2 protein chains.
Amino acid sequence: MKTLVICSGGLDSVSLAHITANEHQLTRLVSFDYGQRHRKEVDFAEAASRRLGVPFHLIDMRGIGAVLSGSALTDDIDVPDGHYAEETMRITVVPNRNAIMLSIGFGIAVAQGDEAVATAVHGGDHFIYPDCRPAFTRAFDAMQQAALDGYAEIRLHTPFVEHSKAEIVRQGARHGTPFAQTWSCYKGGEVHCGRCGTCVERREAFHLAGVSDPTVYADPDYWTEALAARGQS
Amino acid sequence: MKTLVICSGGLDSVSLAHITANEHQLTRLVSFDYGQRHRKEVDFAEAASRRLGVPFHLIDMRGIGAVLSGSALTDDIDVPDGHYAEETMRITVVPNRNAIMLSIGFGIAVAQGDEAVATAVHGGDHFIYPDCRPAFTRAFDAMQQAALDGYAEIRLHTPFVEHSKAEIVRQGARHGTPFAQTWSCYKGGEVHCGRCGTCVERREAFHLAGVSDPTVYADPDYWTEALAARGQS
């Protein structure tokens with residue numbers, strides 16, 4: 001099945017690209033530039049497309065950044081340290097981001113003759129992000145079937161929607177994903193900071209998956225303290 | 001209800017802006033630039049926002065134009081003359097356009113605190129465009145409720161979805177829409193050409209509505225010939 005993958009350059013979506021290249025016919029990677037701080041993430045998405053031998057489409061969404069304001073990913077709000085908690089995650093949201101990215105992905109799929117659009121939304125994001133839940137992805141797929149009725153048969157693939165990030169690490173490792181060539185940190189420094197929500201979550205996922213983490217962290221031990229503070233070991 | 005209107009500058013969406021300003025609380029007009037030929041349409045949308053005293057947001061989508069290729073609105077394909085027929089309309093489609101525009105509209109509504117997003121999709125477009133049918137708009141609204149669950153309560157308003165274009169002209173006239181300040185022609189000349197699909201449709205809508213058409217057409221009589229050729233009077 002000819003499949004377009006929405007790929008940010010993060011651990012989840014680069015793993016999805018590798019899995020899709022092995023199990024389906026990967027046609028292209030599509031990435032979005034909202035004027036985020038971590039442009040580095042986009043570079044890793046492009047590197048994945050070169051590695052996998054497919055076109056890379058970077059969609060420039062900076063024009064709507066000013067209107068979609070209020071997000072830590074695009075504005076000058078400090079990114080909070082520590083494991084995700086509800087309030088800290090809320091400020092990292094670009095409003096309605098998944099609906100926007102997926103609808104553009106489906107438009108590209110129509111134009112290019114793809115049969116599926118795949119996204120790496122996963123179970124770990126359910127608590128905070130409604131647009132990562134199965135109720136959303138099912139409703140989105142139904143909406144697209146109505147929108148393209150008679151024009152195209154394109155399905156939404158969400159293989160991780162019921163999985164944890166640790167399970168993504170396990171599957172990604174099985175399909176040879178070079179995890180060092182993926183980017184999670186919200187702070188966008190030279191190396192992963194090791195302290196922000198996504199760094200802690202990334203570190204924890206490797207730990208739970210029992211997979212060696214090749215990532216260089218500026219503060220490699222912070223995550224254990226953060227977990228301890230949550231009452232975990 | 002604080003309502004954002006998706007406004008192309010065409011007859012339908014400018015009428016919707018005027019009706020919304022009278023019946024609800026119009027907060028802003030949002031327009032999209034896909035690199036279309038008829039930039040003039042966008043100028044009429046901006047003029048409507050000034051007339052109605054609300055902000056105008058022009059979303060620059062030219063960056064995805066190359067990927068969403070194959071459309072007469074953005075490429076160098078000749079726009080066919082005459083009343084819409086299925087094949088001539090197909091080539092005027094930007095793939096998945098309504099899903100893309102509406103999802104961005106909902107993102108802006110979240111960021112700006114609006115309560116509704118209104119679009120001028122109407123019954124006259126049902127035959128060809130699946131994303132103008134009630135099945136699509138209902139599915140889209142359901143998708144957005146899932147996407148924003150717990151974050152925002154924003155509804156999709158589609159007051160024309162079961163109406164003809166003639167009915168839009170009637171309602172627009174009742175609410176004082178200055179129709180001469182709207183643009184339909186796909187050819188984007190100095191005045192409306194009077195021969196392309198949208199010009200013929202526009203001319204016919206005024207005729208059926210019994211409303212005087214203030215539009216200047218380069219070929220004012222072509223539409224009657226086009227209708228006669230269809231076996232209508």
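Each residue's number is its place along the chain shown, starting with 1.
Keep in mind that glycine also has a Cβ here, set from the backbone N, Cα and C atoms.
All TrEMBL annotations are machine predictions without curation.
Among the features that TrEMBL reports, ATP binding site is placed at A:CYS7, A:SER8, A:GLY9, A:GLY10, A:LEU11, A:ASP12, A:SER13, A:VAL14, A:SER15, A:LEU16, A:ALA17. Summarising the annotation, TrEMBL assigns Zn(2+) binding site to A:CYS185, A:CYS193, A:CYS196, A:CYS199.
Of all the binding-site residues in the record (A:CYS7, A:GLY9, A:LEU11, A:SER15), the one with the smallest CA separation from A:CYS199 (Zn(2+) binding site) is A:LEU11. Annotation for A:SER15 (ATP binding site): spatial neighbours A:ALA120, A:ILE168, A:VAL169, A:GLN171, A:GLY172, A:HIS175, A:THR177, A:PHE179, A:THR182, criterion Cβ-Cβ under 8 Å with sequence separation of six or more. The two recorded residues, A:LEU11 (ATP binding site) and A:CYS185 (Zn(2+) binding site), have Cα atoms 10 Å apart.
The ATP site is defined by A:CYS7, A:SER8, A:GLY9, A:GLY10, A:LEU11, A:ASP12, A:SER13, A:VAL14, A:SER15, A:LEU16, A:ALA17, and by the 8 Å test on Cβ atoms against their centroid, the other residues of the chain that qualify are A:VAL5, A:ALA45, A:ALA48, A:ALA120, A:THR182. The binding-site residues in question are A:LEU11, A:ALA17, A:CYS193, A:CYS196, A:CYS199, and the one with the fewest Cβ neighbours inside 10 Å is A:CYS193. For the pair A:CYS196 (Zn(2+) binding site) and A:GLY9 (ATP binding site), the C-alpha distance works out to 17 angstrom. Working note on the binding-site residues A:CYS7, A:CYS185: by count of other C-beta atoms within 10 Å of each C-beta, A:CYS7 ranks first.
Every protein chain considered, the tally of other Cβ atoms within 10 Å of the Cβ of A:GLY9 (ATP binding site) stands at 25. A strand conformation is recorded for A:CYS196 (Zn(2+) binding site) in the three-state DSSP classification.
On a Cα basis, A:CYS193 (Zn(2+) binding site) lies 17 Å away from A:GLY9 (ATP binding site). On a Cα basis, A:CYS193 (Zn(2+) binding site) lies 20 Å away from A:SER13 (ATP binding site). Note: the Cα of A:CYS7 (ATP binding site) and the Cα of A:CYS185 (Zn(2+) binding site) are spaced 15 Å from each other. When the Cα atoms are compared, A:CYS193 (Zn(2+) binding site) and A:ALA17 (ATP binding site) turn out to be 25 Å apart.
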